[in-house]
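According to Swiss-Prot:
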type: DISULFID; residues: CYS47-CYS76; note: disulfide bond
type: DISULFID; residues: CYS55-CYS85; note: disulfide bond
type: DISULFID; residues: CYS62-CYS89; note: disulfide bond
type: REGION; residues: 92-99; note: region 'Chondroitin sulfate binding'
type: DISULFID; residues: CYS99-CYS131; note: disulfide bond
type: DISULFID; residues: CYS109-CYS141; note: disulfide bond
type: REGION; residues: 123-131; note: region 'Chondroitin sulfate binding'
type: REGION; residues: 139-168; note: region 'Disordered'
type: REGION; residues: 147-168; note: region 'Chondroitin sulfate A binding'
Amino acid sequence: MSSQQYQQQRRKFAAAFLALIFILAAVDTAEAGKKEKPEKKVKKSDCGEWQWSVCVPTSGDCGLGTREGTRTGAECKQTMKTQRCKIPCNWKKQFGAECKYQFQAWGECDLNTALKTRTGSLKRALHNADCQKTVTISKPCGKLTKPKPQAESKKKKKEGKKQEKMLD
């Protein structure tokens, strides 16, 4: 290798080395120049807790509906708002559409009142609804009801009738 080639290679190496140092210095100063964001200050609000009305179904007595919320406070930006809600259609409405109860089996028939009763304990309340812890319901004793015939029992009856016709 000639001295001229050697010097040329050395200059290239020195230029690359200086470029690397320059890039590292630029990156370091860019990171140092960034300001750390101060944590957001938590505002202590004068606003009170939201108080929600009961869910009012859009149509019928269950399904989708709306509820209104209000809160108090001198410096509140929003004191009223409307929220979507849903009333399950399989819940017993007489205890409040937002209260779900777990019921025990029906009790024995009371001959004096001709009613049988059962109690339910609160299983779930939607949207902080005001629900009773336990409820009691009554219904007339009435006749003993037979369970509805299942599809299988209908098939058995049909097969039995077919056999009777064949024997005739």
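A Cβ is built for glycine as well, from the same backbone N, Cα and C atoms used for every other residue.
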Non-local residues, at least 6 beyond the ends, that sit with Cβ under 8 Å of the region 'Chondroitin sulfate binding' (123-131):
52, 54-55, 67, 85, 95-96, 98-102
By CA distance, which of the disulfide-bonded residues (CYS62, CYS76, CYS109, CYS131) lies nearest to CYS85 (disulfide bond)?
CYS62
Find, among the disulfide-bonded residues listed as CYS62, CYS76, CYS99, the one whose Cβ has the highest number of other Cβ atoms within 10 Å in the structure shown.
CYS99
Return the residues near CYS47 (disulfide bond), defined as same-chain residues 6+ apart in sequence whose C-beta is under 8 angstroms from its C-beta, sorted by sequence, else 'none'.
ARG71, THR72, GLY73, GLU75, CYS76
Taking the Cβ of CYS89 (disulfide bond) as reference, which residues of that chain separated by at least 6 in sequence fall under 8 Å from it?
CYS62, GLY63
Which same-chain residues, if any, lie at least 6 apart from CYS109 (disulfide bond) yet have Cβ under 8 Å of it:
LEU115, LYS116, CYS141
Using DSSP and collapsing to three states, where does CYS85 (disulfide bond) fall: helix, strand or coil?
strand
